[in-house]
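Participant: Encoded as structure tokens, here's the structure I'll be asking about.
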Amino acid sequence: MEIATALGCSVGFTFGGLVFVAYKLGLLYQLFHKTETQSPRHGGESVAEVLRAHGVKFVFTLVGGHISPILVACEKLGIRIVDTRHEATAVFAADAVARLSGTVGVAAVTAGPGLTNTVTAVKNAQMAESPLLLIGGAAGTLLQGRGALQDIDQMSLFKPLCKFCASVRSVREIVPTMRKALAIAQSGTPGPVFIEFPIDTLYPFHLVSKEFGVKNPPKGIMGKVVTWYLHNHLKNLFAGAWETRDVSPLPVHIPQATDDQVQKCIELVSRAKKPVILLGSQATLPPTPADDIRVALESLGIPCFLGGMSRGMLGRNSPLHIRQNRKHALKDADLVLLAGTVCDFRLSYGRVLNRRSKIIAVNRDKTQLLKNSDMFWKPNVTIQGDAGSFLLRLSKGLMGHKCSEDWPQRLKAGDITKEKANRGKADEKTDCHLNPLSVLHCVDELMADDSIIVADGGDFVGSAAYIMRPRGPLRWGLGFSVCSCCETPFLVWIIYGDGSLGYSVAEFDTFTRHKTPVIALVGNDACWSQISREQVPILGSNVACGLAFTDYHIVADGYGGKGTLIGREDEDKLDDIIKEAQKETREGRATLLNVLIGKTNFREGSISV
């Protein structure tokens, strides 16, 4: 009896083992799903179909053979391919499209160094909470880890940066993997996702099969095993590849405040005499349109400080938008609403908040919601939910109630006084060249109403952030000029420092080829001034901070754009130069204004709070 039982168990385990092996080798799947060896279709077509079904209109890329089928298929389906001169630029641009359009931004780059070049931009998207899909090429499924061209462990590199990472192992996996990734990118706290596509999942069967052929297989049983294994792997790779599959978007989960939480906040705000709202980038996320949020804020009548992508939310000259003296306003406030704003270094880790103030914090991310609350500040109400939707519900619940006008008028008066003082500094003559503040004020006054401001730099950009006023919602970005290819008819002003320009000046070739309406304003002081301001007085040396007054305008000319050098002798003509630059750019020619600037007696921090 015991022997029979043992034999039965042995047979059961053996059978189970065989079934498992058959499953892993795809033999069971192949019994019910056909491998169409004569089909000319390829995996890139499946990628393109999913992207089109999800409303993706642009794919940013730097081309590589690993991903060519995806790019060609996308182009055929009407998805615009925007090719850049660096992979990081492609991801930055996709990030920007995500923020401006409300859809997932998509970048596709080749294997190995193509992907490693994107790391900074992907990390930026993670920290900015941007829904972004990074598509990466990879070595063939059987060649990974065997020294194939550009073969590295890409998954380990991106797992700490992305909400979801997947490596496609067969053509039939492409559609479900893409749908899952795109939903995850937009759900909860948005962020980047990464899908790795081995090259043999993207090309047609007849081409891949040539790579699987063994010219001189080992003799004997081992040769037959190897040949069978390769043949089976190839069949499994394409089994069921072209069966009809649902490519429509999966549901996206967005956390929301509960009715009780909203009601508690309504009661707190209704009793406040000096409330303040700090609006962060997260408030601009879908599903709530930016214009609806603007209407809600105006209905509440509460003074607002706008940060990140929320700059411009209230337009150029709103009486509710306070730009200066934030530190003092927060000390006086009896209620502070952190709507997608995080208590990090920008709020001195929460130390600028008055401990007597009632504090409402709304954020999709629990970690960001409570950041540093164990040290320097304590919220009265914490809501893990969407800030934009919350503001609409708060405004609706407070219909008929409005903040006393005395409070925002008092803050606005302080704004005007501070900005007059800063404007006075713009009238001062520098030792040489032009006063950067004067240049920025001039641009702000003449900049067209349909402009987007892109900021990429340190010292010069720090000044621009407190002088230049975005004309409307979603009109302020950091380092995302190429995205303007997708946002016509907007005119894009890139505010560069001469240090930061060096990272991406080659993209003037991209602007020219894609007829991007870009004006680059370069504050050229021949120095990494933001670093030098601290390094020289503290350490007594300007080592590694000095640059040259480089002819960046000639570089722009070389890439097909229009470059202009502006010095002190052009001060009286600055208005005309700016107007002409806007005119030429609208006609399809990217423009670079290389402005030689001098040193001023203030730093970014002196006008930041």
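Positions of Cβ are set from backbone N, Cα and C atoms, glycine also.
Per TrEMBL, the features are:
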{"type": "DOMAIN", "residues": "42-157", "note": "domain 'Thiamine pyrophosphate enzyme N-terminal TPP-binding'"}
{"type": "DOMAIN", "residues": "262-393", "note": "domain 'Thiamine pyrophosphate enzyme central'"}
{"type": "DOMAIN", "residues": "491-586", "note": "domain 'Thiamine pyrophosphate enzyme TPP-binding'"}
Participant: Take the domain 'Thiamine pyrophosphate enzyme central' (262-393) and average the pLDDT across it for me.
Facilitator: 95
Participant: Quick one: DSSP breakdown of the domain 'Thiamine pyrophosphate enzyme central' (262-393) into helix, strand and coil?
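Facilitator: So the counts come to 52 helix, 24 strand, 56 coil.
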Participant: How do the residues of the domain 'Thiamine pyrophosphate enzyme N-terminal TPP-binding' (42-157) split into helix, strand and coil according to DSSP?
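Facilitator: Helix, strand, coil within the domain 'Thiamine pyrophosphate enzyme N-terminal TPP-binding' (42-157): 53 helix, 21 strand, 42 coil.
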Participant: Report the DSSP secondary-structure composition of the domain 'Thiamine pyrophosphate enzyme TPP-binding' (491-586) as helix, strand and coil residue counts.
Facilitator: 51 helix, 21 strand, 24 coil
